[in-house]
Number of protein chains: 4
Amino acid sequence: MPLKEGDPVVVWIDTKRVYLIKLDKEKRLDTDKGVIFHKDLIGLEYGSSITLSTGVKAYLLKPTIHDLYSKGLKRPSQVLYPKDIGYILISAGIGQISKVVEAGTGSGFLTIALALSSNAKIYTYDIREDMLKVARFNARILGVEDRIVFKLKDIREGVDEKDVDAVFLDMPDPWNAIPKVYESLVPSAALIVFVPTINQIEKTYFAMKNSGIIDIHVEEIILREYQVKENAVRPKNVGIMHTGFIIRGRKSI
Amino acid sequence: MPLKEGDPVVVWIDTKRVYLIKLDKEKRLDTDKGVIFHKDLIGLEYGSSITLSTGVKAYLLKPTIHDLYSKGLKRPSQVLYPKDIGYILISAGIGQISKVVEAGTGSGFLTIALALSSNAKIYTYDIREDMLKVARFNARILGVEDRIVFKLKDIREGVDEKDVDAVFLDMPDPWNAIPKVYESLVPSAALIVFVPTINQIEKTYFAMKNSGIIDIHVEEIILREYQVKENAVRPKNVGIMHTGFIIRGRKSI
Amino acid sequence: MPLKEGDPVVVWIDTKRVYLIKLDKEKRLDTDKGVIFHKDLIGLEYGSSITLSTGVKAYLLKPTIHDLYSKGLKRPSQVLYPKDIGYILISAGIGQISKVVEAGTGSGFLTIALALSSNAKIYTYDIREDMLKVARFNARILGVEDRIVFKLKDIREGVDEKDVDAVFLDMPDPWNAIPKVYESLVPSAALIVFVPTINQIEKTYFAMKNSGIIDIHVEEIILREYQVKENAVRPKNVGIMHTGFIIRGRKSI
Amino acid sequence: MPLKEGDPVVVWIDTKRVYLIKLDKEKRLDTDKGVIFHKDLIGLEYGSSITLSTGVKAYLLKPTIHDLYSKGLKRPSQVLYPKDIGYILISAGIGQISKVVEAGTGSGFLTIALALSSNAKIYTYDIREDMLKVARFNARILGVEDRIVFKLKDIREGVDEKDVDAVFLDMPDPWNAIPKVYESLVPSAALIVFVPTINQIEKTYFAMKNSGIIDIHVEEIILREYQVKENAVRPKNVGIMHTGFIIRGRKSI
């Protein structure tokens, strides 16, 4: 299918030069390897490439969740990483869910990942209007804006939605939202919480347990990258050692 | 929605007593906490519980990928773990794919995870008929058998499908399948390989690179479980240190 | 130097059959590969081997800290692992210390490691007489009993020694010992604490900081074992994920 | 004992401002928190502090191996980290060894650690004169120069020393040195090899095995640092993911 106005495209030059754009025939992408006019990409296919003025090739790829981290999206707040998102999605039963609630929205990376990976309608709560704006901007680039309801509301005051298939919390004090979140969940549905510090684990765990959540697990996902050169494979020397802890369980009644 | 004959159900008693069953009014589940007759579960809801003869509660949950590892499915071959599956799914662009090819099938855990997490049609190749039988048995329990095409064929001899949205390889010598797999992929689509040893990394990486796969990453996902007791949170002492390495990239043309 | 009565010897048959003995011409070592009479080892050298009745070789090695974990020593309490001991020793300035205080003694593995690795006199405190007995038994096998003073005393009530070159604490509530331990330390000397749970980290850290300890670091040492077969190198599948956290700092005045 | 001319001193201002100096009454140390004239430190004690012109305190500490990594030593080549050094030292039987051979010298960090942590005489081989010069410079600061013999020689051509208690190799092709190194070792003594890539593991392992080394282990030491704030403890976000693999074994005859 040829690319058309409005399509999201990853422009991949090399590992360090990855750009996520939404095709707009009025716009251009400036890179240190050459300029790309969006209009020149219209009509091409995902997977094809163009040659820049420097002779370097730029490949056009269909965005996956990994590409959210390339240049193009805004991230004023800390974002979840793919290693965490993948695990969260399968814990939520991605593919079998139709209504999801999430708080806080932040830069919207998980929101977008949920939208890209499922057919669910996503209700995302944040108390900061500027964050909702950023998330909306990001969702628009990926073309999933209409799948998401952005709500300027403190989830600790209650969840408006009923019969929710999964709730995801990424906020400083999830334990204050858990009792109300529990009410909104369909029985057996997953509640998944992400916290950066260890101190938050215990409070979250017991708030979940005391609310009637069962099968609670506290886990951390660590990703190790390897560098491959001929006859010289090894883990990369420096990397992300920690993002946060995932606490997951399911509602019992 | 009340549970009915043929539905997959997780019977969760505690962390060590988790059973995955397919409701069959003729059958019973024996546990050391009491017997459960399937017919007594029909008409109940996911999330609800029954009390066993020993006074212990058994909760009925809707299966997620984590539950594949409970008692119920067969696993004669080594299986991928949820930590790996989650990452593989988002790397494949789960939610945006409609045709997936996989080899080898093995016990079918990834096959089932792909079916549960997407609307895609899955073509799974294995050279062992006994494995395909096991995988089919497992898929039937989860109710996704009709979404999967089980093929007794050596993928190194070619992929029958065209315009495939993602290919996943978990086999001893993926490099021997990569050139043919490349042909079957839609441009920009993901090729994802899982290998247990380090020696396989280099060969796979260069086979991918030489076939026209770009944006290649070699990664390992490590999961650390935490034990929570009041005032005593710590990583669990013993656990899975290693399953395998994930090598992922995308087709360029 | 030929082995003589009383010498500590590691009898190494294979990775799973490693025995630590103290030569006693009246004694025998029974293994499933054959019997070894200690008297037959007297006069041999470290590094040499004898052939057992089953035709298998048993090598005689000079014990290092790794060998403490073989069959021979008693370990009724949890013990520190070599990965932690190595790091603790260099943090303590091993090789430059002459007086060390330690609590609690436990099975005496760190005590013995300190004795084997330095010329220091070691004062080890425990409130359990049975543990001191175990530790003394273990120290005797390694021939370092006379380098250690075993004290049945609660270190929280005070440290008898003055001008101590390093203190090591492995006890449930190190924060209750830290102010008194601080007094016993020579300025600039290291205080090193080992705790298994995360909840203990914060209390220990601030107790150290408030006592005048500087350069405080909280660290965890993780060891990953690799399995080597021809053309198949990989991390071992299962292993020790966690022992404890090391909190180290130095006394300022 | 009051500090005197020539003593090594760690000037510790905060975690990011740590300086290793050798007292020289003609010299000064410039920091962004103020100037320190060495002569003002003479007569003070380890553990004491002076107040800089900015009002900030600078503590004077006795160097441990951790301090080698502060500002002061030269490191033109990659260096081993304390996490690795601690483990290597106990594997070598530090405290029970009197003659050690090492290659290559590099910046001399392990050489110095061996000298600081034991009474052993250390013979260090390198084929680069500039490296030996750097290592000698570093050793001089720590005051251990006379315990080390710096040898401009390719260890693959043979080891001059006999009855060596431990050999440590950190070079690109250790397998080419292992047969000759084996000859120099006292029976039961440890051979320890450090390699950065996985490809080197297999060759080293089999070279050791084929030379008569037993009890071979391949291990990796990973250090995780924790950040402590009140009510907010967590692993640090970014850190060293990999330095190298340690392969250790002992000579059998």
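Including glycine, each Cβ sits where the backbone N, Cα and C put it.
Curation does not apply to TrEMBL; its annotations are automatic.
Quick look at what TrEMBL lists:
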- B:S107, B:G108, B:F109, B:L110, B:D126, B:D154, B:D170: S-adenosyl-L-methionine binding site (BINDING)
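Of all Cα pairs drawn from B:S107, B:G108, B:F109, B:L110, B:D126, B:D154, B:D170, which the record names as binding S-adenosyl-L-methionine, the longest spans 19 Å. Sequence-distant contacts (6 or more apart, same chain, Cβ under 8 Å) of B:D154 (S-adenosyl-L-methionine binding site) comprise B:Y125, B:I127. The Cβ of B:G108 (S-adenosyl-L-methionine binding site) has B:T124, B:M131, B:V134, B:A135, B:R136, B:N138, B:A139, B:I148 as same-chain neighbours under 8 Å, each 6 or more residues away in sequence. Non-local neighbourhood of B:D126 (S-adenosyl-L-methionine binding site): B:A103, B:G104, B:T105, B:G106, B:L132, B:A135, B:F150, B:K151, B:L152, each in the same chain, at least six residues away, with C-beta under 8 Å from its C-beta. For the recorded site, B:D126 (S-adenosyl-L-methionine binding site), the DSSP three-state label reads strand. The Cβ of B:L110 (S-adenosyl-L-methionine binding site) lies under 8 Å from the Cβ of B:L80, B:I85, B:I88, B:E102, B:F168, B:D170, each of which sits 6+ residues away along the same chain. DSSP assigns B:G108 (S-adenosyl-L-methionine binding site) to coil in the three-state reduction, placing it in neither a helix nor a strand.
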